[in-house]
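Data first, discussion second: the structure below is written as structure tokens.
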């Protein structure tokens, strides 16, 4: 019996060993990459500037700009604007080629944006100028007023307070530019720096000339008017700073994902419930306070012009928010709650 059992066992093992083994699965064939052919055409003359062959479908617009820059060194990526239509909107650098409404042969229309400069440089130039110009008038440097007033000091305490508030505002803006603001657009046309700086620098000189003038008269209602205006100014400065911090914390560094700004635990940010751009609202409040504090016509004019400009910017941002987010709060106004 033992011999028969061993034979049966050996026969079973032979049958198992002789059974066909499953064949290994053949390796998956690599997906065939469909390359794009990209043609870059001058938007004005319709002249063909470059033909790029075998462009990967995952390439971004920035990648295409870099390839175009290699063939045309005078047009660096920040200077280029690529569009699908000669009069259309410029494509974003992060747009991916295969997600655009184009075929495998794509045509992009090129426009030269002109020489570019970093936004941070522009912001700092806008702030350093008014800060230094105002101090020149405050210290009454020679050739500004009559020679007998050179390096003299005003007898009115509100003049010294106004200098401190003006300097504080621009020092705050400089520090925010360096350490807080995250600028989404890297550059702007170089010609804009002259326009922007002229606006800020000339207004600063105009205001400073009258506030620090030897014949300047203090506000009509005296200390009560100045102290009330100072409270408004400081309150709005803190509010503006709080909004800038909230906007910074809204997205991580390097991220381009946009989110809806909402009120935080900071009471100064609760205005987000009613306004899309409260940073402009607080900025307007600061200059209104400074106007009341100094009771100076050039300051009032600067506040009005600034209000018009900030309203235009706020409306544009408010419109973009509503386009990008379907669930954007309908109760919000661009800059002034329930009004504008």
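Cβ atoms here come from the backbone N, Cα and C positions, even for glycine.
Please treat TrEMBL annotations as automatic predictions, because they have not gone through curation.
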Subject >> Stated TrEMBL location of region 'Disordered', expressed as one of 1-29, 30-58 >> reply: 1-29
Original post:
For the record in TrEMBL, which of the ranges 71-93, 94-116, 117-139 is the transmembrane segment one?
Top reply: 117-139
Subject >> Annotated stretch (transmembrane segment, per TrEMBL) among the listed ranges 297-316, 317-336 >> reply: 297-316
Subject >> Annotated stretch (transmembrane segment, per TrEMBL) among the listed ranges 168-187, 228-247 >> reply: 228-247
Original post:
Looking at 250-267, 268-285, which one is transmembrane segment according to TrEMBL?
Top reply: 268-285
Original post:
Same-chain Cβ contacts of the transmembrane segment (117-139) under 8 Å, 6 or more residues past its ends?
Top reply: 151, 159, 163, 166-167, 170-171, 173-174, 177-178, 181, 183, 185-190, 192-193, 196-197, 200-201, 203-205, 207-209, 211-212
**OP:** Using DSSP, tally how many residues of the domain 'TECR-like N-terminal' (36-112) sit in helix, strand and coil.
**Re:** 17 helix, 29 strand, 31 coil
**OP:** Counting only CB pairs under 8 A, let me know which of 198-216, 268-285, 297-316 has the most with the transmembrane segment (228-247).
**Re:** 268-285
